[in-house]
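Input: a single structure, listed below in structure tokens.
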Amino acid sequence: MKSLLDLFKQFTPDEHFDAIKIGMASPEKIRSWSFGEVKKPETINYRTFKPERDGLFCAKIFGPIKDYECLCGKYKRLKHRGVICEKCGVEVTQTKVRRERMGHIDLAAPCAHIWFLKSLPSRLGLVLDMTLRDIERVLYFEAYVVTDPGMTPLKKFGIMSEDDYDAKRKEYGDEFVAKMGAEGIKELLEGIDIEIEIEKLRGDLTGSEVKVKKNAKRLKVLEAFKKSGIKPEWMILEVLPVLPPDLRPLVPLDGGRFATSDLNDLYRRVINRNSRLRRLLELKAPEIIARNEKRMLQEAVDSLLDNGRRGKAMTGANKRALKSLADMIKGKSGRFRQNLLGKRVDYSGRSVITVGPTLKLHQCGLPKLMALELFKPFIFSRLEAMGIATTIKAAKKEVEAGTPVVWDILEEVIKEHPVMLNRAPTLHRLGIQAFEPILIEGKAIQLHPLVCAAFNADFDGDQMAVHVPLSVEAQLEARTLMLASNNVLFPASGEPSIVPSQDVVLGLYHATREKINGKGEGLVFADTGEVQRALDAGEAELHAKISVRLTEWTKDKATGEFVPETKLVDTTVGRALLSEILPKGLPFSNLNKALKKKEISKLINASFRKCGLKDTVVFADKLLQNGFRLATHAGFSVAIDDMLVPPQKAEILARAEAEVKEIEQQYVSGLVTAGERYNKVVDIWGKAGDDVSKVMMDQLKVQKTIDRNGKEVNEESFNAIYMMADSGARGSAAQIRQLAGMRGLMAKPDGSIIETPITANFREGLNVLQYFISTHGARKGLADTALKTANSGYLTRRLVDVTQDLVVTEDDCGTSNGSLMRAIVEGGEVIESLRDRILGRTAAEEVLHPETRAVLAQPGRMLDEDLIEELEAAGVDEVKVRTALTCETRYGLCAKCYGRDLGRGGLINLGEAVGVIAAQSIGEPGTQLTMRTFHIGGAASRAAVASSVEAKSNGIIGFNATMRYVTNTKGELVVIARSGEIIIQDEHGRERERHKVPYGATLTVKADQNIKAGTILANWDPLTRPIITEYAGTVKFENVEEGLTVAKQVDEVTGLSTLVVIDPKRRGSAKVVRPQVKLVDADGKEVKIPGTDHSVTIGFQVGALIQVRDGQEVGPGEVLARIPMEGQKTRDITGGLPRVAELFEARSPKDKGMLAEMTGTISFGKETKGKVRLQITDPDGKVWDELVPKEKNVLVHEGQVVNKGELIVDGPADPQDILRLLGIEELSRYIVDEVQDVYRLQGVKINDKHIEVIVRQMLRRVVVENPGESTYIAGEQVERSEILNTNEALQAEGKLPATYSNVLLGITKASLSTDSFISAASFQETTRVLTEAAIMGKRDELRGLKENVIVGRLIPAGTGLAYHQARKAKDAMDEAERRAIADAEAAELASAGTHDAAAEIDGSADTAD
């Protein structure tokens, strides 16, 4: 008892712990926690306000109300500490024990715990092997369950209604026992022998799939009970714990009323019903009355634990559902997300931000009043230290008076004490940065303009929050890691984040443009000082081309010293003057061009790589100052005259209108269908809009001027609008097009495009109809933005949750695996160069020179800019690099596999939370992604349909492996491959471009042909899809019957008739037949596919227009039928954010394509209604077959050989199939490419490695296939690291390891299936997660960041990783020491013991004689 009291006397530092275990409490355990039983439902006495004895707030059970004072007032003061008052029974101690002492309620009848009953899957149901419905009927007294059949034929676990029971009682008498309510269930649970059940189930894992699945589930639950040592009957409560009263307070309001926690109401109900039941049982009340009371008690306990999970929720006086224990921990306002993960911070303030153009990058302006409030404790301590104030109270007065000395002290305190600024929403780590405060007048925080990009802030009323790091460690971290001048790169892409924008860009761009025949052109200057004087004197203008003598500093690689080099440079006045701010070591050539935004970004990047961080920050600041100054001097203005409407516009519009008229004519005469007409019209107008904007830009771009020789020449325009867009300061070509070109096509609310475009632009003005059409797009834009923000935030949350425990934990895992990286080429354009893909990665194997085979890079070497330049010069076109997916570190990642830390520019540090960085990098641009693919201010954008492909570079033609073609009678090559590609290679055999060619295209080039850029490689009809024969012969129709499978369509104008294949659903005949063509040779025999005995059969799809007649002779490559392509709205491509979410959730796309399960030959089997049977036979004769719906487009034909994983039925691929058939690397490539496609469309740069990190987390679980000699069950999902550890242990013992297959989980699923139950519970489905964890008696090893935040420890990342590692090492040392001491003592005791024993034996020998 004494030690217990000592506990309460002083505050004990919390114990170090390394894991948290959750379990279920037995009734004994609950009673051991309790300090007494709560017998009465009363709370406090409303006259005296003292708690009632034995009530819910009883002082005897829970502790005193006032510190060290019993309830009746007999014992007061500290000297009686620990005395229990004999009058009122209260222990004299601190009040705070009322927060930790629990009570209990002894239930008069057992009650089931609703979580184990109703949270799906029902654990009670699994253990008892009964349905939830049946258990509920028993628990709520609607039916009996047989607990002991005795000698009767009744089954144990059998359910019987009341009438059945009465009948059986009459029949068998007292032979059997059947019970109702929780007692019956409890008895059944007690009767279960877990060991025997497990044995039985392990032997029964055969039979139908449903049965196996069910048994495996049950087995898992029983194994969990066995492993955790929890007894199943504990799921039924006999004792209910009562929460300490201070955690469910009763607060007196003014006016003599009380506000109470809902829990008190719920407890009151339980106690009332419990006492009533107890009384009824004592009185031996009729069964039916007691039964009703028991049911009500069960319901009351249910509501207390989880109100509203079953039946109607219990409500209080005001018809509002009461908040139960479960509600307090789940959801956004529950314990986890509101209080543990969403704590509020003291020492913080917020205010509006304004611009601080005079600040240095690492400074921010802090209003004096705010600083005074934030730094109060520091000021107080200084005042006391200086002896100005003697007490805190006096210091407070001094500060409130605002004497001059206080302000002096504030200056002193603030010096070198960084503060953190945060702008909500904090989407990535640059949303919080540290600055050194500068005291300013006024009430707004001043922010440096260059950090706005990182905060995504602007000065239109944004607010920011200030936080003060208090401890020295916190200040140190803020200073070294978070200072704004240390964060100059975006962690998402490694691009500089301190790039100037808007007016600064405009100023720099204007100053660095050149003008033909400007004043002072051709002058030569000795140095920049002379240039400045000439400019000031008006002898030379800013844009004049001149020559200047400049000194450049280059770094000597050997010595590392700067060497000056002076030379004459051709440049302009503006650029020459800017050269003064270049840091040493950066050549002037970087600056000797018109500085657009991209160029400035490159300039800062080059400076960072060549001159280091410090010089770059200073340089960026100087650029900013100059940009502001130059923009002011430039005196830009925009007038309506600057929006030049091209004179060719009228002509283009007239041409388009004529074309539309023609299409209308064709439609009226029935040459084209309504769908085709709409498509073509939209196409014509889309093209017209593009043409107008092209001539407009061409006109804006140039202006005529007279050069020095008096000749008229064109030069780049100085038009203000053009300069703004061209420099990247503001606006885009699409916006200028709306100002001066034409607005173009608009979209309807449902996303379809209105076929009449807005031909006017904003300069000419819109008429009423045009305005009306535009309003919709504008409104939709606003609505979309709101939706998008919420969606994007949720995506980020899921991503963070799945990756939060991924931290760099070691230097090198030593793997030699990796994935091959090559440039991404699409449609002949290099979308992403090899350089961008491998920069900052680690080579996985030697990189060899393609020709000399010399080693250019050793494995394990990081590929930096210089090395990549060497590789590019050598012509390396693919490199195997290490990736996050192939890293073999168990918990976490290794630095080599991750590569460069993009935010800092060096190899990643140990302890960096790369998972969270990846999640933020993908989530942060989410708000920029469109919800739907079109809409630029409502304007519809769509690509004109491509009908040919041309080469962009010179080279040699090659085809990919799957390309196949035939030569038709005209000698043209016709493509019959579904995934054919033309590859153009240079003379070294390096791939330059790659073009997809559709089925049925005509090739205009041959293999190995040398071509020039601009050559047309292939062309095709974009509006129809052909069906082509590969072989020659005579057409023989099968099942082509008019009115049954085909319909005749007669063209009214031309009188020609065509046959159209119609849908079998609309046919009279029940027998399903598919119209097809067989080919017959001259002898009337069916043509066979060479090398097989399959006849050539070509099936027609629904909607195909048959182009040949029965008995017609056809040659190879001839078109048998055409399928018109339907309108372009039909397959809505999910674009933007939903597409990214879909990929990361690993959802199967609707209308998914089908991949070949194995390599083999295609054949078609017997058809069923509406489906085709597709078969693949592999070389060993194994057959795989699948039914494919007829409306699907089958890409293969009889006798074709396909490879495993090849697309055989058209449609988007399912990532699960890709993983199963093609493996992890292919899957990762698919997801990375698809996600990047979405972001690239918006011009957002994200490094591949972030996406790889997330794919790694999606693949972290595996499915056990064959458990070997492990304890797993086949089909069980386990963590990859866990099974690897288990297998290592098994192999060490010479046992059979478990085999497993990869499984891809969506991010939500992966977050919930994490090993850490704390993390999963705080994410989603709290109840389910906790129920499962409790049954399994799970241990949370606190590996991730989230768990540690929740339990309030330092996170195991960054500086915290070192702390935890040091602590663990120390604990291990202490443990070893303790063991050593214990062993030594034991040895000593043992040796002493042997002495004694020897002495005893001697003694006994003596006494014997």
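Cβ coordinates come from backbone N, Cα and C, glycine included.
Copied from Swiss-Prot, the annotated features are:
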BINDING   Cys70, Cys72, Cys85, Cys88  Zn(2+) 1 binding site
BINDING   Asp458, Asp460, Asp462  Mg(2+) binding site
BINDING   Cys813, Cys887, Cys894, Cys897  Zn(2+) 2 binding site
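Structure coloured by features recorded in Swiss-Prot.
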{"residue": "Cys70", "record": "Zn(2+) 1 binding site", "DSSP (3 states)": "coil"}
{"residue": "Cys85", "record": "Zn(2+) 1 binding site", "DSSP (3 states)": "coil"}
{"residue": "Asp458", "record": "Mg(2+) binding site", "DSSP (3 states)": "coil"}
{"residue": "Cys813", "record": "Zn(2+) 2 binding site", "DSSP (3 states)": "coil"}
{"residue": "Cys887", "record": "Zn(2+) 2 binding site", "DSSP (3 states)": "coil"}
{"residue": "Cys894", "record": "Zn(2+) 2 binding site", "DSSP (3 states)": "strand"}
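In this structure, of the binding-site residues Cys72, Cys85, Cys887, Cys897, the smallest number of CB atoms within 10 A of the CB marks Cys72. Recorded residues Cys894 (Zn(2+) 2 binding site) and Cys70 (Zn(2+) 1 binding site) have their alpha carbons 60 Å apart, per Cα-Cα distance. Annotated Mg(2+) site Asp458, Asp460, Asp462; additional same-chain residues within 8 Å of its Cβ mean position, judged by their own Cβ, are Ile353, Ala457, Phe459, Gly461.
Fewest other C-beta atoms within 10 angstroms, among the binding-site residues Cys70, Cys88, are seen around Cys88. Listed in chain order, the extra residues whose Cβ falls within 8 Å of the Cβ center of the Zn(2+) 1 site residues Cys70, Cys72, Cys85, Cys88 are Ala59, Leu71, Gly73, Lys74, Tyr75, Lys87, Gly89, Val90. Each residue in Glu810, Asp812, Thr815, Arg882, Ala884, Thr886, Glu888, Thr889, Leu893, Ala895, Lys896, Tyr898 lies on the same chain as Cys813, Cys887, Cys894, Cys897 and has a C-beta within 8 Å of the C-beta centroid of that Zn(2+) 2 site, without being one of the site residues. Checking each of the binding-site residues Cys70, Cys85, Cys88, Cys897 against Asp460 (Mg(2+) binding site) by C-alpha distance, the shortest gap belongs to Cys897. When the Cα of Cys72 (Zn(2+) 1 binding site) is compared against those of the binding-site residues Asp458, Asp462, Cys813, Cys887, Cys897, the shortest separation belongs to Asp462.
Distances between the Cα of Cys70 (Zn(2+) 1 binding site) and those of the binding-site residues Asp458, Asp462, Cys897 are shortest for Asp462. Packing around Asp458 (Mg(2+) binding site) is summarised by its Cβ count: 11 other Cβ atoms lie within 10 angstroms of its Cβ, all protein chains included.
Neighbour density at the Cβ, taken as the number of other Cβ atoms within 10 Å, is lowest among the binding-site residues Asp460, Asp462 for Asp460.
In this structure, the CA atom of Cys85 (Zn(2+) 1 binding site) is 66 Å away from the CA atom of Asp458 (Mg(2+) binding site). The binding-site residues examined here are Cys813, Cys894; by Cβ neighbour count within 10 Å, the least packed of them is Cys813. For the pair Cys813 (Zn(2+) 2 binding site) and Cys88 (Zn(2+) 1 binding site), the Cα-Cα distance reads 67 Å. Rounded to a whole number, the C-alpha distance linking Cys887 (Zn(2+) 2 binding site) with Asp458 (Mg(2+) binding site) is 41 angstrom.
Cys897 (Zn(2+) 2 binding site) and Asp458 (Mg(2+) binding site) are 38 Å apart (CA-CA, integer value).
With respect to their backbone Cα atoms, Cys897 (Zn(2+) 2 binding site) and Cys88 (Zn(2+) 1 binding site) stand 69 Å from each other.
Rounded to a whole value, the Cα-Cα separation of Cys88 (Zn(2+) 1 binding site) and Asp462 (Mg(2+) binding site) is 60 Å.
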